[in-house]
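The annotation transmembrane segment is assigned in TrEMBL to 12-35, 47-69, 75-96, 103-124, 130-148, 169-191, 203-225.
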Amino acid sequence: MVKGYPALFGGLVALCTYQSFYPICLIVPGILHFTKGNNPAIFVTKLLMSFTVSLGLLMVMSAEIAGGWDFLEATYGFILAAPDLTPNIGLFWYFFTEMFEHFRLFFLATFQINAFVYVLPLSIRLRNDPVLLAAALLAFTAVFRSYPSLGDVGLYMALLPMWKHLYPFMRQTFIVGCMFVATSVLGPIMYNLWIFNGSANANFYFAVTLAFNTAQIFLVTDLLFAHVKREYHLFHGSKMEVNGIPARLTLQ
């Protein structure tokens, strides 16, 4: 996307979507990026055609190998319905273990919508920074997908140094860092005590995973607020005030 190859970007997003469905939301940052250059209609058309054709070919190849289209229920159906409630670092398994069955469909739709509901508002606000938008969407899908992994978390965290100019505007780095350290230590301990030793229960492990996902939300929102603060300072200037009165720095 950054290098300006819409066909390649569309093909790679199609491959990621084919593997885990949720990356389909990355099409939106790609469209926003390619609409800023020359001939936006041509670039967006190439992107959408590349995505559609690539995903279609992958689906047809899978159907040929599997001998039919039943694989869709076993792959995307499995991701969306979340029938396996094996404990992981996500939020689905605990809620649907404790929930009454007749509420399952409603909350399943609610949880799945969370992975995509932020696409529109973030796209409106970050339309001039589609790369940051893509990273934010990766972070939200890492939190709200049905079967997340540490690889999903590491993917968007590896991109954070691209916005090191926002670090001075971030205000929750210490809290978020402490939460990540604490949950990284307590997570394996609580899992071992519950699953292998039987001396704890699901509530202890879920409390750790809930804190871990909360730390991720704090991290992403802090980064986005830092982006907004930086834009404000660039537009209005950085004003120093002491007790509400304009101040001036003097060197001695």
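Glycine too: its Cβ is placed from the backbone N, Cα and C atoms.
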For the transmembrane segment (130-148) and the transmembrane segment (103-124), check the count of CB pairs under 8 Å (sequence separation 6 or more) and say whether it reaches 3 or more. yes
Would you mind listing the long-range same-chain contacts of the transmembrane segment (47-69), meaning Cβ under 8 Å and 6+ residues beyond its ends? 6-11, 13-15, 17-18, 27, 30-31, 34
Spell out yes or no: are there three or more C-beta pairs under 8 angstroms between the transmembrane segment (12-35) and the transmembrane segment (203-225), with each pair 6 or more apart in sequence? no
Short question: which residues 6 or more past the ends of the transmembrane segment (103-124) have a Cβ under 8 Å from it? 22, 25, 28-29, 32, 80-82, 91-92, 95-96, 133, 136-137, 140-141, 144-146, 224
